[in-house]
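Comments concern the structure below.
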């Protein structure tokens, strides 16, 4: 490499320069360095072109200033949609359209964006039109029409406002006079017609008597997920079926149908529902209809877990080799899902196999072949807890970058090369990233400015999701009614039932150390349910070291919150167990077995264990912590931002607010940090939590009522 080439690489194409404030808006400024065109050589004597070797040895650059809006009031943000320099800042419009619902309604944006119609013309005066038949409009109107076109194309569901869809009606009215012959007006009219037609069909279906119409969607129909739908007597005697059982189908059929369902659901996910400010509100009173497309993926994930549990534990009379065959079948299905690049069902199957009700069946695992155990360990390493699930993230990136055969490798006359379908991601990774991002960065900055830099970071993640959705459109899978019917009919055991059935199959005293040993990572970032805490203190029955003890399991009513790690009781290896060998996460990792709750097993970001700077507070550090509350309201984790200036009372008050508990009772609570080895650190009432907490442990805390304190009451929706 010559000196000029090395110098060229050393020059960064974009360099941060600082900030500028203009009319109350804050812009980030960077310098963009581009290689300029060389001037033509000058003519020498006799008309020949002279060459200057010394001049040719230098590269000429042109530096331009680039501004990107970082924070502003709402009116300025909407104005930037129309008057901004989209060549300098091409990401502003898509970022605003994808994230605006986090801080403003669609109706409010349209009220600021759409100009009033022109006044009526005097009689006898004609309206000037362009050659295409549209009105002659100014530059701002053309910009508004362009923004609406992108909005209608990329986020049509933003305009759904039944029954009249008034927002879409306003758009149709504007486009009717601003660009009546343009594609934007046609798109708006078509979308309005689709919404109205869909409402009519829905009303007709509601008026018809209910009838079972088969399993074309499978996931859209109610599933037998309640305890009454699959009793323990059925599990003991085996369910009575008219058709084939789920595991009667081939590995390819099962994996392909699971992938088909996952692809359909992932393609319907609305990006705005994944935003942390939206998804984190799903458990609040009156939020049952929040994020329906994301909830559907969660339901399907938990359904797959239930199918694995039901098929493995569903018949108590099976011998260990027979049950081992079922374990091997699901391991092969998981491997096939990996080959199909379906990471969602892959994660669900592995989670079920790693659950205590199945993992503790050591005689059954002892009959599994070494080859299948090796496959199970390798697949489990994809979702290892170490390094923030770096393996799954790296593999997903590699799968996205996978290309089809090169053009020179194709045979003459064959079809052009195309990318392989998928991958189908595990959506929990993105949901956690967005929730942690929403927790760490403020919505508003000093001066009541909307922090749009936060929305840009969210848009980077949402754009990744949309890119994956486009890739999933290339799958060519056909539904198979018998397989989908078997999925729907699979016996579903509740968490309590699966636990009891597992103990009947292999009583705790008869357990032997034959389960596939994977690394037991008893992380301090685990939470205990209130029931578990009470039973451990009061009941002498069931050793804490026995993984089959009732105290080793979560309450059925518990659900996982975004940003929290997979929940697991603090258990130890049972007596007689050999040391854990290196491998993926162990059997103490619990699942969202309560299928009636949207309990998606989510990952933790590095943000939760590393310090970050606090905007507007120079010299202040912060980190995201997770706080649960030890009461009878679900004992969820909630993420809050802890700064280096926060005292215990303010942390307790903000945590109670997140849990919808009346804040005047903050003085009745004490804050404990969860430490390794089943230990807790009491944070004194007047202590600075940031410095009082143990820095070597992840930031997981629990709130407990002080002795003699009044019982808490959750704030109702009223």
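Every residue gets a Cβ built from N, Cα and C, even glycine.
When the ranges 375-396, 397-418, 419-440, 441-462 are checked against TrEMBL, the one recorded as region 'Disordered' is 397-418. Check TrEMBL against the ranges 70-112, 113-155, 156-198, 199-241 and you find region 'Disordered' recorded for 199-241. Mean pLDDT for the domain 'Ras-GEF' (250-508) in this predicted model: 87.
For the domain 'Ras-associating' (621-708), the DSSP counts in helix, strand and coil order read 21 helix, 37 strand, 30 coil.
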